[in-house]
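**Q** Here it is, the structure in full.
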Amino acid sequence: MALTKNRIGSDPGLYNFENKKHRWTVFGAGAFASATMTLTMLLAQIAGLVPRSLANILSDKLATLFPAQIQEFFIQSIGPMGKTLLFYGVLLGQIVAGGLLALFLIWFVPRIENSQMLWRNSFILSVSIWVVTVLIGLPLMGAGFVGADLGQDQVIILLSSFLLFQLYGLALGYFFLKLMPESSEDVSVRRAEDESDEEIGNVPGRRRFILGLTAFFVVALAAGIGVGAFKVKNPGYWVNLGAGYEGDKLKGEITPVDTFYGVSKNVIDPNVNATDWKLEINGMVDKPIAFDYASISKLPAVTRTHTLTCISNPVGGQLIGNGEWKGTPLKDILAQVGVKSGAKKLVFTCADGYTDSITLDKAQDPNTLLVWEMDGVPLPQAHGFPVRALIPDIYGMKNAKWIRSITLINTEYEGYWQQEGWDNLAIIKTESTITSLQADEDLRSGEPVTVHGFAFAGARGIKKVEVSSDGGKTWQEARIKEAINQNSWQLWQFDWTPVGAGKTVTLTVRATDGTGAPQLKDNAAPFPSGSSGYHSVNVHII
Ligand SMILES: Nc1nc2c(c(=O)[nH]1)N[C@H]1C(S)=C(S)[C@@H](COP(=O)(O)O)O[C@H]1N2
Ligand SMILES: [Mo]
């Protein structure tokens, strides 16, 4: 006889756990309590009440424990899924941990005399796990002592995690009372005397309650994750392929916003509220300044096309897009704050905890912008609302989104991806891609086709694009369309008449950048400095 109201000596305790039989019930109460907390956490995040949660911080940290090559393998193979799966794993782990903590509690306090004692112990447990999380968990997750490295998020994360753990404690007490075979004193006394545990455990209402609750949490958590994925237009995916491709066809010179590729380290991107947001420019400056949304969007603005591409983009890949952005040159803001002599780098710190740096030289480039509009609309959440950076000639990685501060420093700096071994200069390599032909497409012998594509060499521009239809023995020049802007890709066309029905032909493209340097021929994987090699497509002549 165990969990039921039971007479032990003369003291009728509410629960006594000396019988180990009901461990599953105890575990279940803890898991349900944790599921309640997890669901609330997810909803608070989707609603934008909290920018990130401990689950995000933990899954980010876990991801970094994989060697960079393995991370790269996951990005290339299951790109959109890798980080999402990891995050789900953390949520599941959080629910299991809630169950284990309930077992820990009854191991520690094997007899609970009355409901006051139950609530008191749940409270002590929830405060203790918060204290342990803050003092030990956060530093282990790389968030610093008491979350010191969480920047502006420190207070909200400490507070929200405290409240969430309290919710766990309350829910634990509730589910204990609900799931124990009986909580009403009279009934349980009688049952303890008259019936076996099995019969009590089989009370039909209890089984229905457990099944119903399990179904509720499965559905609600799945819905929460689903809504989160939709609401943050970049579906929270690690990588959202886009590049203005439809199938393999490039849609146009300017990539529509809804097909613009997206890359973020987050499963759920930060939902920044423009009214509380501010951007601080600080560090080695004469007059630190903070902009709010209204004041930054009133600064003198320029509109520029600028191609963004990810350092993870494989040869011929879709992590590239050309946007029309509106914002202000960073150098004008630097002139306003006054850069102290000796400053070497600028560090961007973002609402999702992401950081990266650029050199002061790059920051002074007239084409380095802080932007708040993309293709005529306010910067979409997925692309960094309210403000992101655009850095000419440098891979997307350093084009920080959701920026909250820009700090001038006189040392080297390694940002989020550099700590994983990615290149800290990240200069865009010259690339050229065939976009109008599908792999293994059939083309009629003797019928002329126009092959299309783009070429991009960062700020260096494109001097020449050539196409080969004989495996690189001979090359013919393609026509290049003039760039809209120095930092935008260039479209090219090549007229070609396939001949010889039955043959398979490989079309290959290569470009020469504005300085006369040829595109690198040797294949390189994206890690650590960006991919290289020629893009080619096989077609069948019929
Ligand atoms: N704050 C923040 N900025 C970020 C990232 C991020 O995860 N967090 N990802 C970077 C990477 S790797 C790339 S390629 C670009 C992608 O920008 P896009 O999603 O607007 O295309 O954003 C960069 N800026
Ligand atoms: Mo990227």
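Backbone N, Cα and C atoms are what each Cβ position is placed from, and that goes for glycine too.
Whatever TrEMBL says is automated annotation, not expert-curated.
Straight out of TrEMBL:
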DOMAIN    270-417  domain 'Oxidoreductase molybdopterin-binding'
DOMAIN    429-517  domain 'Moybdenum cofactor oxidoreductase dimerisation'
TRANSMEM  24-50  transmembrane segment
TRANSMEM  85-110  transmembrane segment
TRANSMEM  122-143  transmembrane segment
TRANSMEM  155-177  transmembrane segment
TRANSMEM  209-230  transmembrane segment
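How buried are these features, and what lies next to them?
**A** In this model, the domain 'Moybdenum cofactor oxidoreductase dimerisation' (429-517) carries an average pLDDT of 93.
Below 8 angstroms of C-beta separation, residues 3, 17, 56, 91, 94-103, 105-106, 156-157, 160, 164-165, 167-169, 171-172, 174-176, 178-181, 201, 210, 213, 217, 220-221, 224-225, 227-228, 231, 268, 271-273 of the same chain, each at least six residues beyond the ends of the transmembrane segment (24-50), sit close to that stretch.
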**Q** Quick test of the contact rule: Cβ under 8 Å, at least six residues beyond the ends. What residues does that give for the transmembrane segment (85-110)?
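**A** Beyond its ends, the transmembrane segment (85-110) has Cβ neighbours at 16-18, 23, 26-35, 37-38, 42, 55-56, 58-59, 62-63, 78, 117, 121-122, 125, 129, 168, 172, 176, 221, 225, 267-268.
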**Q** Let me spell it out: take the transmembrane segment (122-143), skip the flanking residues so only those 6+ beyond its ends count, and list any with a Cβ under 8 Å from a Cβ in it.
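**A** Long-range Cβ neighbours of the transmembrane segment (122-143): 54, 57-58, 61, 64, 101, 104-105, 149-150, 157-158, 161-162, 165-166, 168-170, 172-173, 176.
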**Q** Of the residues in the domain 'Oxidoreductase molybdopterin-binding' (270-417), how many are helix, strand and coil by DSSP?
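**A** Grouping H, G, I as helix and E, B as strand yields 23 helix, 60 strand, 65 coil.
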